[in-house]
Each structure stands twice: as structure tokens, then as C-alpha cells.
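Okay, structure first, notes after.
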Amino acid sequence: MFGLPIPIIGLLIAVFVLVFLVLRTRVHAFIAMLIAASIAGLVGGMSADETLNSITKGFGGTLGSIGIVIGLGVMMGSVLEVSGAAEKMAYSFIKMLGQKKEEWALAITGYVVSIPIFVDSAFVILYPVAKALAKNGKRSLLTLGVALAGGLAVTHHTVPPTPGPLGVAGLFGVDIGAMLLTGMCMAFLPVVGIVLYAKWLDKKYPNFNQEVFTEEELKQKYDSYIESREKKELPSLGLSLLPIVLPIVLIFIKAVVHLFVKDVPEALTSIPYQIVSFLGHPVIVLALSVLISVYTLLPKADKNTTALHLEEGVKTAGIILLVTGAGGALGAVLRDSGAGKQLAEQIANLPISPILIPFIVSTLVRFIQGSGTVAMITAASISSPILAQIPGVNMLLAAQAATMGSLFFGYFNDSLFWVVNRMMGINDVKKQMVVWSVPTTIAWGIGGISVILANLIFGNDGSVFDLLFPVVVLASILFYIKLQNKNL
């Protein structure tokens, strides 16, 4: 068939079937991935037993490395959600930055809160804050809502312990701590881009606000609102941030210490280093965070109530664990069948950098079926066996490329598209795309450019021509949207 090796033919058929099942049938992504893995193995020349062994090995191996972390992460997120810690962060950041900077405060809140809390739930919890501020401070609800959603969405797609990035880290075999720290850095500029776009929306739709007040009335309403929020029974800012900041600090300390002692064998076996390494492991830091959040944020909750909150969090992670494991199964089959190695040999001769493969695959899957988590897991499961065979590829940046690609053009098949637009009362399709499809694409473009630039600096396989893909696609979509909405 077109002179292609059998394993590559198996991969192509598997990808086609996967896309068809997810897009055109009611088959869930988990089952679709298992079917695709089976096809890739059987058509690619593996026996039935070899295929099944590869699937089970890949499934178990992937969940073995990140399953515990996902479970602990969603437990912590559940406690932060029900305790009011997310609201406390929002009110505190708003007070710190002051009036007229609420969009930045909400974006920062989203940036932090979405690390442990699922993005849809976080927006539902925090949107009333944006709505109240718009009503009491003559701020555009579009600006505040989009800024909040943008901060939430970017870190949700790029920073562990959110399940998607965790799964990607496991599939690429990169350190979760490194993924967390790199993801937080990479997420910064896309969030800034969304906030600037959100501020532009105020000029685009100036009549979206409610009543008009004098400056004195605005100040009184704003001060009164902040004061009323401060009287609400919420945990302190320090306690609200502690479960999120603690893992970051411990992981950072471990990374710095390892950097200094990695070439000293005696230091690596010393008791102090072992303690730092133990406390900086993602499983340990998240377990500590869950314990701290339970005893500091839910001090009055009884045993049964606390257990209920934690179990509710775990329920949300079930299907994500299955999809992540299925992605690992598909990746294992591609490695064992030889498809990854053979495709790597073909790609090595193409005029593109390997780092673009997970970015492009994630972008396409996101556009086709809408789920950012499925997009990045699919991209990682397909591309990681390929990139592992190409010398010099920075797998950490490849993992980030897969997560950034999953931000592309959120629209009708993206659940957050409907959450954001429905809660803001936007029913016109063109306006819905302006409000959410465009900012997610801006974040995608900035994120993709950031990864490519980082690869030019820290990798050895990059090219400035890699920038053409995100730049041209982003410019084309923005130009099209501008034409469609020039009369709105």
C-alpha cells in the first residue's frame, strides 16, 4: 500500500478508525482508543496475544506512574471547591490589585484555582464573583468573564495535577515536577494574551454592561461589595493557597537540590538528599496537600462529610483515568509493533521539527472532537513512540506541545464553550465564537509559539520556520472572525 511498511499502515488505519468512532458514533473515547490500539497491533503485524499483552502492559504502566497523582489531585480540588477557598482567592486578589484591575485579578485566580479544580466547576463557582463585580463596578461582564475563563482554561490544559497534563507527562516519560513548573511558566503568556483580548471585548461590545453610575456611586458600590465579601465565612488566603503552593515549593526545592548534586554520587545517597527527594515526589506532596486541605479548610466537617467530599472528587477522575490508560495502551502497541520507529525514520527526513508532531496532532483532534483532555492524550499516545526514536528531541517540550495544541478553537463540541456562553447569556453563534473560540485560539497560538521558541533555545532540532504554523493559522482565523463580525 503506497510502499509503506506494514506497521505504519496499521497506525494510519487505527488513527482513521479512532477519529471516525469518536466523531461519528456513540462509542466513548476510551473504547475507541482500545479498538484503535487493537487495529494498530493486528494490522501492524503483531499476533493477537502480543497485541493484548502490549495493550495491558501499556495501560497498567501508564496508570502506574500517574494514577495515584490524579486521584490525589482531584481530592484536593474537591476540598478547595467546597470549602470556599477558590472564592477567597478571587476576593483577595481583587482587593490587592484594586478597582479597574479586576480582570487581571480574576485571570490570576483562574490561573491558580484551575491547577487542582476542574475547569467547568471552577468557572461555575467563580462566575458569580465576575457578575457581581460587573454590576457593582461598571466593568464589562464580557471582559471579566472571558479573563476568568481564560485563566482557568490555560492552566487546566497545561499544568499538573490536572489529569490531562498528568497523562501526557506519563506517556512521554517526563518528570511530573518538571511538567508542573514548565507548564506554569508556559501558561503565563497565553493568559496575558486572553486578558488583553478580553479588555478589547469591552470596546467591541460597549453596551453589554448594565446600569450607568457616577464615579462616586461606583466607588461606594465597589467598596460595599468587597466589604460584604470579606464578612462572608471563608478560609484565610494563606490557608486557601497553602495546598496549592506547598507542592510547587517542595517540587521546586527538589529540582534545585538535584541540579546541584546530580553529579556527586555521595550526595545522591545521603540522608538529607533522600529526605528532600522523598518530600518532593509528586505522590508525597499531593498526599500532604490533601491532608492539609482537609484539616485546615474543612475544620468543622465530620468524618463522613469529609469522606463524601473526597469521594466526589475521585468520581470525576474515573473516566479520565480510563482514557489516559487507553492512551498508554495505544502508545505501547505503536512502540512494540515498530510503527513508532519506522515513522520516526520517515519524519526525520521531512523539513519539519519533530516537536511539531504532538502539537499538530493535538490541534487536529481538539478541533475534531472538542475535548482538550482526549486531544492531548491522543497526541501523546501517538507521538511519544515516534519521538522516542528520534535523537535529540526534548520530551518535556514535546509534552508541552501536546498540551498547548489542545487549546485550539474551543467551539460547539467543547463543554466549556457552552458553560461560558450560557452563563453569560450569549446566544448568538457569531458572538459565542468571538467570546470563546477566538480567545482559546489566541492562547493556542501564543502557547505554540512559546514552545517552539523554547525548543529553539533548549532543543537541538528546532527551526524558525516552525513558527509559521501557529502564526499563519492564528492570523487566518482572526482575519476570518473579523470579516464575519464586522457588522455586529
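Using the three backbone atoms N, Cα and C, a Cβ is placed for every residue, glycine included.
Annotated features, as they stand in Swiss-Prot:
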- 2-22: transmembrane segment (TRANSMEM)
- 27-47: transmembrane segment (TRANSMEM)
- 59-79: transmembrane segment (TRANSMEM)
- 106-126: transmembrane segment (TRANSMEM)
- 176-196: transmembrane segment (TRANSMEM)
- 241-261: transmembrane segment (TRANSMEM)
- 275-295: transmembrane segment (TRANSMEM)
- 314-334: transmembrane segment (TRANSMEM)
- 347-367: transmembrane segment (TRANSMEM)
- 368-388: transmembrane segment (TRANSMEM)
- 438-458: transmembrane segment (TRANSMEM)
- 461-481: transmembrane segment (TRANSMEM)
The transmembrane segment (106-126) in contact with the transmembrane segment (241-261), cutoff 8 A, at least 3 CB pairs, sep 6+: yes
Cβ-based contact of the transmembrane segment (2-22) with the transmembrane segment (438-458), 3 or more pairs under 8 Å: no
For the transmembrane segment (347-367), distant same-chain residues with Cβ under 8 A (at least six beyond the ends): 19, 374-376, 378-380, 382-384, 386-387, 390, 393-394, 397-399, 401-409, 444, 448, 451-452, 455, 459, 461-463, 465-466, 469-470
Among 27-47, 59-79, 314-334, 368-388, 438-458, stretch most in contact with the transmembrane segment (176-196) (C-beta, under 8 angstroms): 438-458
Contacting positions for the transmembrane segment (368-388) when only residues 6+ beyond its ends and CB under 8 Å are counted: 11, 15, 18-19, 22-23, 29, 33, 156-157, 163-165, 167-168, 171-173, 320, 323-324, 326-331, 334-335, 339-341, 343-344, 347, 354, 357-359, 361-362, 395, 398-399, 402-403, 405-408, 410-415, 417
Interface present between the transmembrane segment (314-334) and the transmembrane segment (27-47) (three or more C-beta pairs under 8 A): yes
Contact ranking winner - 59-79, 314-334, 438-458, 461-481 against the transmembrane segment (275-295), Cβ under 8 Å: 59-79
Outside the transmembrane segment (461-481), six or more residues from its ends: residues with CB under 8 Å to it: 351-356, 359-360, 390, 392-393, 409, 433-434, 437-438, 441-442, 444-445, 448-449, 452-453, 455
